[in-house]
């Protein structure tokens, strides 16, 4: 069977080579394409650049080929943008033209070929899903309603760490407890639910499945079958696992969360006053026929991935940088004590009165951007970008990390220096008012979760620095902050063991 498959693949390669040469000659004469490495038939630049298209590798290619360059990855055109002006064109000036999302074989499984909001093409479905998700998740009213819960969850983290005798001595992997915090923050909003401990069986099952989903989706392992369709048969096993993980996750969402809310909805008023949490609004939209059950599940999918994981990565990065820069940590602690008073616990409204805390968050998002290439964009039709022709259905990557770390635009960008946002970059905000710094994207397809992420980061990091001296474990001068990049993500390769010595007030 494998021999037959190999023969068919080789035959397909032969015809694909001929087809690729013909198409290349026909298109190459009439299009002015961005520069880039010379492609070979069928494989394009895949053999030259490999699968690992992370932000640092792409920044290296930008130094060689310029602020816009083209990679032909098999049959896919990949355009990489690395300047503020071109980022403005993609995300804002021509935001509609480049406002769709690319598809790939794995995300087609996890999103039902774009039935969600984050990965759907630009159009009526996206507008509807964005509208339905915004009111229950992404408004100031939601922040005001749930910020007390975020403060409570942060207080519980502080108490749990204080109770752990290992924390002040050998240290603990704080990330596991912070993961519980983030799930509780978002599951309170979404389902009016929380988990009592990191050992909760349902929490363990949920995080295991979500972790497997992220590993499968973020891996570069499947790129060859996505870029070169004739090799896709070799992905059968991988895609089968993806389908199984999706089915198990969706069954868990339905059995343990959605069905419970549906039962509660049948026993309470159906007007807005009777709606307690976000999923009630979503289910109400389903009941009205605006969306179907699959759309509901894909909304839950988006929140589990896009809201929980990215904010968790940023919290983890922020703490690691503070441990490795004790002078910054102490300066932040001094601000908290001076503005709020020693031992007075930070609340969400306080975060806006703490400029150095805001600068620490901004600097974390600059240096360690959770989604360094943003979520890829796509033009449905032939388009222009700068002086170049962009063929229809090209994948457009904006290297937002390089925009924020290019020494041509930033002073000593490799340094973790929050002071830059109080000095030379004092007017730069995370909302995209400067296209050198767009950690949440800009425009129609920007991340609406910014309204939740920033206060959660402020409360969580603020409480930890207020209550503990955060140190590397015995025998280490610094934490290992080696990066682990994925299709979109940037997180720490090894979750850090951190010593947390309680402060006495």
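Cβ coordinates come from backbone N, Cα and C, glycine included.
In this structure, residue 218 ((E)-cinnamate binding site) is part of a helix by DSSP. In sequence order, 486, 487, 488, 489 are the residues of the chain that are 6 or more apart from residue 218 ((E)-cinnamate binding site) and have a CB within less than 8 Å of its CB. Taken from Swiss-Prot, the feature (E)-cinnamate binding site applies to 213, 214, 215, 216, 217, 218, 306, supported by similarity to another entry.
According to Swiss-Prot, the feature heme binding site maps to 447, an assignment based on similarity to another entry. In the three-state DSSP scheme, residue 447 (heme binding site) is classed as coil. Cβ neighbours within 10 Å of residue 447 (heme binding site), excluding its own Cβ and spanning all shown chains: 22.
Summarising the annotation, Swiss-Prot assigns transmembrane segment to 3-23 and lists sequence analysis as the type of evidence.
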Proximal but sequence-remote residues of the same chain as residue 306 ((E)-cinnamate binding site) (Cβ under 8 Å, at least 6 apart): 118, 447, 449
Which of 213, 215, all binding-site residues, has a Cβ with the fewest other Cβ atoms inside 10 Å: 215
Other CB atoms, at most 10 A from the CB of residue 216 ((E)-cinnamate binding site): 19
DSSP three-state assignment (helix, strand or coil) for residue 306 ((E)-cinnamate binding site): helix
Number of other Cβ atoms within 10 Å of the Cβ of residue 214 ((E)-cinnamate binding site) across all protein chains: 18
